[in-house]
Amino acid sequence: MIKKIGVLTSGGDAPGMNAAIRGVVRSALTEGLEVMGIYDGYLGLYEDRMVQLDRYSVSDMINRGGTFLGSARFPEFRDENIRAVAIENLKKRGIDALVVIGGDGSYMGAMRLTEMGFPCIGLPGTIDNDIKGTDYTIGFFTALSTVVEAIDRLRDTSSSHQRISVVEVMGRYCGDLTLAAAIAGGCEFVVVPEVEFSREDLVNEIKAGIAKGKKHAIVAITEHMCDVDELAHFIEKETGRETRATVLGHIQRGGSPVPYDRILASRMGAYAIDLLLAGYGGRCVGIQNEQLVHHDIIDAIENMKRPFKGDWLDCAKKLY
């Protein structure tokens, strides 16, 4: 029977992580469980840096961006001997189960601990929206709001100078954030990793827009696809229109979470405790069709496919 749990945040931070921690902590305490917060993700777990959390530990946290427990990259956690030390630290503290909030790398760590016999529940916390088994991740909608605000501001100056703007959006190898921002921001063109990209085809589309009388344009592109400064120079050379690149960078990860992310994080945090009390371990939580769901974390990582939002792309193209 579970009496004490641990909670950590891992990988890149996302708005709503604090709300998720709060959801875990307060739900666990309501059910009579003790909660230990683990600093700096798997690194802190390995180094045995933990703190007892109570209701007041998470007061005034639901509106704060980032993660008050901290996060860190710790690739050494792939080493089974490192994980064995981590499990020993958990057992030494009397911790019976672990809630991990983070992205796919964090899920991998939780999966490895599960394979070694320690029960874990994964909550999807990343702005990239690239986690299998869930429609949306904690932080996605806040990042979307940040990106759209930036695009709106760029549109003001681009229209004033009849300029083309290339905006690089986070997402790693998932185009969801770029696609959503392109639709909500009214971008004229969108480039995502799920679809083959040609600079020449993009330029031809831009030229076609200019021929129709378009005075300015915004191109939204997912990071890692190309050097956006070089792309901007290429567009300017081929079209004769002044073109500038803007890399939004880590500003997309910050800020107070929007209400949807606060609600999603709170629901998922509480649901994680429900699962643990029901005897589940080695699960990852998601939301599908607005219903909370859970999947075997090993099956989710190794076998589940994440569908591309092709209908979003079709919509964006119709609105060019």
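Cβ atoms are placed via backbone N, Cα and C, with glycine included.
Record check: Swiss-Prot places Thr126, Ile127, Asp128, Arg163, Met170, Gly171, Arg172, Glu223, His250, Ile251, Gln252, Arg253 at the substrate site, and the matching candidate among Arg155, Arg244 is Arg244.
Binding of ATP is attributed by Swiss-Prot to Arg73, Phe74, Gly103, Asp104, Gly105, Ser106, and within the candidate set Gly6, Gly12, Gly16 the record adds Gly12 to that site. The distance from the Cα of Gly103 (ATP binding site) to the Cα of Thr126 (substrate binding site) comes to 5 Å. Annotation for Asp104 (ATP binding site): spatial neighbours Thr126, Asp130, Ile131, Lys132, Ile301, criterion Cβ-Cβ under 8 Å with sequence separation of six or more. Of the recorded residues, Asp128 (substrate binding site) and Lys212 (ADP binding site) place their C-alpha atoms 34 Å from one another.
Counting every protein chain shown, the Cβ of Ser59 (ADP binding site) has 10 other Cβ atoms within 10 Å. The binding-site residues recorded for this entry are Tyr56, Arg73, Gly105, Gly186, Lys212, and the Cα of Gly186 lies nearest to that of Arg244 (substrate binding site).
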